[in-house]
Amino acid sequence: RSVSRASPNLTFVPACLPPDPAEVEELQRFVSNSKRLFVMTGAGISTESGIPDYRSEGVGLYARTDRRPVQHAEFVRSASARQRYWARNFVGWPQFSSHQPNKAHLVLREWEKLGKLHWLVTQNVDALHTKAGSQRMTELHGCTHRVFCLVCGDRILRSELQEHFEALNPTWKAEAFGVAPDGDVFLTDEQVRNFRVPACRKCGGILKPDVTFFGDTVSQEKVSFVHQRLAESDSMLIAGSSMQVYSGYRFALAAREKKLPIAVLNIGPTRLDHFASLKLNSRCGELLPLIV
């Protein structure tokens with residue numbers, strides 16, 4: 001079986017073999033035996049929509065560059081860090097917000113419609129599950145399409161904030177040097193120096209994407225809610241995640257404790273390969289549509 005990347009959208013997808021018919025059969029059996037399937041997705045489900053991830057071998061951000069995502073504490077305390085973040089985000093937003101769901105997102109929405117999927121938890125902040133129409137869903141790390149004020153909590157759409165950026169920076173232009181996950185692009189310090197960042201329209205406070213930055217924690221309320229959905233489930237499928245981040249991995253540990261069968265669909269090793277009931281090394285968008 002040959003390895004190929006036929007679509008330009010697969011630039012950020014690690015090379016892998018097409019699904020083995022025996023693996024398709026195993027996953028089919030796993031899904032058919034599930035009555036209340038709990039699904040958790042990671043960046044590997046969105047790479048097929050053209051969005052890079054952090055950890056994929058050879059093609060992830062960590063493999064391609066020495067760049068690292070913004071840390072929560074740095075964003076909160078440093079005006080220059082916020083200026084750098086928002087300038088890069090402003091340039092990247094038109095392309096990032098235009099990405100569309102791929103076959104994997106659409107299959108999970110179809111499973112929900114058919115009653116196969118009890119609950120979906122995504123670690124992604126790209127809104128692709130929402131665009132696909134998923135409703136029984138929790139965005140574990142929030143979503144870049146929403147922005148809120150750290151002082152008063154006022155919320156606006158990221159698309160609305162883009163208009164504020166444009167009004168404040170009518171002559172500012174910058175060409176990006178490469179694209180990163182989560183709507184980010186690469187810019188030099190010189191490029192961002194004159195970029196102006198709007199304050200909260202209501203109180204003048206700091207605006208932040210409604211996402212959990214690295215170094216921050218998911219709210220206990222959200223964690224408890226997801227644990228409740230997992231407790232109602234009879235099996236767990238992890239799609240497109242190495243589960244290196246504990247905020248998601250904790251739910252796999254909880255599933256193991258409950259002795260739920262766990263299937264993992266991810267290109268490359270994951271943190272739970274040693275205790276998963278089933279591990280498949282294929283593209284989500286290639287394998288999931290084969291399951292009926």
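From the backbone N, Cα and C atoms, a Cβ is placed for every residue, glycine too.
Just so you know, TrEMBL annotations are computer predictions that nobody has curated.
Sequence-distant neighbours of HIS141 (active site, proton acceptor) (same chain, 6+ apart, CB under 8 A from its CB) are GLN123, ASN124, VAL125, VAL211, THR212, VAL218, SER247. Look at TrEMBL and you will find HIS141 tagged as active site, proton acceptor.
Look at TrEMBL and you will find CYS149, CYS152, CYS200, CYS203 tagged as Zn(2+) binding site. The Cβ of CYS200 (Zn(2+) binding site) lies under 8 Å from the Cβ of CYS149, VAL151, CYS152, ASP154, ILE206, LEU207, each of which sits 6+ residues away along the same chain.
The annotation domain 'Deacetylase sirtuin-type' is assigned in TrEMBL to 17-292.
The Zn(2+) site is set by CYS149, CYS152, CYS200, CYS203; from the centre of their CB atoms, other residues of the chain with a CB within 8 Å are LEU150, VAL151, GLY153, ASP154, ALA199, ARG201, LYS202, GLY204, GLY205, LEU207.
Each of the binding-site residues CYS149, CYS152, CYS203 was scored by the number of other CB atoms within 10 Å of its CB, and the largest score is that of CYS149.
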